[in-house]
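Asker: Pulled these features from Swiss-Prot for this protein:
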{"type": "ACT_SITE", "residues": "371", "note": "active site, proton acceptor"}
{"type": "BINDING", "residues": "12-15, 26, 79, 84-85, 147, 163, 178, 236, 341, 359, 374, 385", "note": "UDP-N-acetyl-alpha-D-glucosamine binding site"}
{"type": "BINDING", "residues": "388, 394, 395, 413, 431, 448", "note": "acetyl-CoA binding site"}
{"type": "COMPBIAS", "residues": "464-473", "note": "compositional bias 'Low complexity'"}
{"type": "REGION", "residues": "239-259", "note": "region 'Linker'"}
């Protein structure tokens, strides 16, 4: 079937979602790096509709602000009172000036597993079959609680959607269910919505009543069956949110593995929809990949690693690390137990080792920061080694300052670099130094007090202590040797 461009997609996002038991509107809850409604908008966007409208109601200021951020082209319609799905769609049409010529697709804002391909198939089936309305359905293993799709035995047309509580025994045996997603003829939809009544137990305008109105008027009501029944699942509570996260995560990891990524343990690996991979990446157990993280060809990440908005280049290794907004260069080595904060850039074959934290710093090719160090607001050249337990003192209590260390430098253990300060190319610094002044290229900087040994201090100040007795024993042994 050829692609059909709908005249409009209406996303229903006005509900409160009380079963989520949250101050956050239901459609704004996060799932694999995107809000529930964000997933729906992404799927709807694949249809390239002429108009994209979201109907908001509960906490509409928050929802509208979020929509403007994630889908700038979306138009919002306000449902002041939640008077049912039919009323919500009517508000959506009014936001577009009333009746719309062409196909109108209606989707729920809490169905994040719905794909663009399924919506395309719905629109194509609707047009090809000449339906007034086409409902997206699915065959499920257990239809308990769902509205059943009743079809005409001869034509296959949908004759009714029967809610579970109203279904007969034979109807309850039906496993084809209503998803709440529809494609309508825009003009017929507008006309039928004007005839929807509120004489029901909820006193609301039901969108499903439109199907009966159109059928009674002699129009055809059809169906398009989703290939995977899990796509139509709505999210109403945290349990369903967790299940949807598992399903979507599995979908994302399966796609990555089929594209040449090794995921050692998919059950403990979690990714966002915005994460990208190249071939021959290896992801170890306990890894979380978020935001715009990108893993380049042949790199290896994990175990127990969390990367957010971080790029790892080809052949790099990142182990037991937390990184946010960092860039790990080709064949670089990070971890274990490293923390890379925003603005950190690591060069070719560089190393950030065990218990090292780096922030807004760059290190050049072959440079190593192997152990127990903090590097903040610094630039380090190529092939330099930073000694263990070094601290780049960047903050004076009011402002941040920059440290520059050149190429081919060797800095001693337990150094402090008090910014702003520069260490020139090829310079050395002695262990235990506090570097407060610039070090010229090729120099050795020693900035520490001289050692002074006070003989007999322990015996005088700590008489009778274990230390004093140990020292006395050594002294007696020495006297005996004499």
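A Cβ is built for glycine as well, from the same backbone N, Cα and C atoms used for every other residue.
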Asker: Largest pairwise Cα distance, Å, within the listed acetyl-CoA binders 388, 394, 395, 413, 431, 448?
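Answerer: Spelled out: the longest distance between any two Cα atoms in 388, 394, 395, 413, 431, 448 is 22 Å.
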Asker: Reduce the DSSP letter at residue 388 (acetyl-CoA binding site) to three states and note it down.
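Answerer: Coil, per DSSP.
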Asker: DSSP three-state call for residue 178 (UDP-N-acetyl-alpha-D-glucosamine binding site): helix, strand or coil?
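Answerer: DSSP call for residue 178 (UDP-N-acetyl-alpha-D-glucosamine binding site): strand.
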Asker: Give me the CA-CA distance between residue 14 (UDP-N-acetyl-alpha-D-glucosamine binding site) and residue 395 (acetyl-CoA binding site), in Å, as a whole number.
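Answerer: So the alpha carbons of residue 14 (UDP-N-acetyl-alpha-D-glucosamine binding site) and residue 395 (acetyl-CoA binding site) sit roughly 47 Å from each other.
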Asker: Over the region 'Linker' (239-259), what does the predicted model average in pLDDT?
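Answerer: Here the predicted model's pLDDT, averaged over the region 'Linker' (239-259), is 98.
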Asker: Helix, strand or coil by DSSP: which one applies to residue 26 (UDP-N-acetyl-alpha-D-glucosamine binding site)?
Answerer: helix
Asker: Report the DSSP secondary-structure composition of the region 'Linker' (239-259) as helix, strand and coil residue counts.
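Answerer: Going by DSSP assignments, the region 'Linker' (239-259) contains 20 helix, 0 strand, 1 coil.
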Asker: Can you check which residues sit near residue 26 (UDP-N-acetyl-alpha-D-glucosamine binding site), meaning Cβ under 8 Å from its Cβ, same chain, 6 or more apart in sequence, and list them in order?
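Answerer: Non-local contacts for residue 26 (UDP-N-acetyl-alpha-D-glucosamine binding site): 15, 16, 17, 20, 36, 110, 235, 236.
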Asker: Taking only the binding-site residues 12, 84, 178, which one has a CA atom nearest to the CA atom of residue 388 (acetyl-CoA binding site)?
Answerer: 12
Asker: DSSP on residue 394 (acetyl-CoA binding site), three-state: which is it?
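Answerer: For residue 394 (acetyl-CoA binding site) - judged by DSSP and reduced to three states - the answer is coil.
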Asker: If you count, for each of the binding-site residues 12, 14, 388, 431, the other Cβ atoms lying within 10 Å of its Cβ, which residue has the minimum?
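Answerer: Counting other Cβ atoms within 10 Å of each of the binding-site residues 12, 14, 388, 431 gives the minimum at 431.
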Asker: State the three-class DSSP label for residue 431 (acetyl-CoA binding site), counting H, G and I as helix, E and B as strand, and everything else as coil.
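Answerer: DSSP call for residue 431 (acetyl-CoA binding site): coil, neither helix nor strand.
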Asker: Taking the Cα atoms as reference points, how far is residue 341 (UDP-N-acetyl-alpha-D-glucosamine binding site) from residue 431 (acetyl-CoA binding site) in Å?
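Answerer: Checking the Cα atoms of residue 341 (UDP-N-acetyl-alpha-D-glucosamine binding site) and residue 431 (acetyl-CoA binding site) gives a distance of 27 Å.
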Asker: If I take the Cα of residue 431 (acetyl-CoA binding site) as reference, which of the binding-site residues 84, 147, 374 has the closest Cα?
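Answerer: With Cα distances computed to residue 431 (acetyl-CoA binding site), the winner among 84, 147, 374 is 374.
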Asker: Count the other Cβ atoms sitting within 10 Å of the Cβ of residue 374 (UDP-N-acetyl-alpha-D-glucosamine binding site), across every protein chain shown.
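Answerer: Residue 374 (UDP-N-acetyl-alpha-D-glucosamine binding site) is surrounded by 20 other Cβ atoms within 10 Å.
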Asker: Nearest to residue 413 (acetyl-CoA binding site) by Cα distance: which of the recorded positions 147, 178, 371, 374 is it?
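Answerer: Considering only the listed recorded positions, the nearest one is 371.
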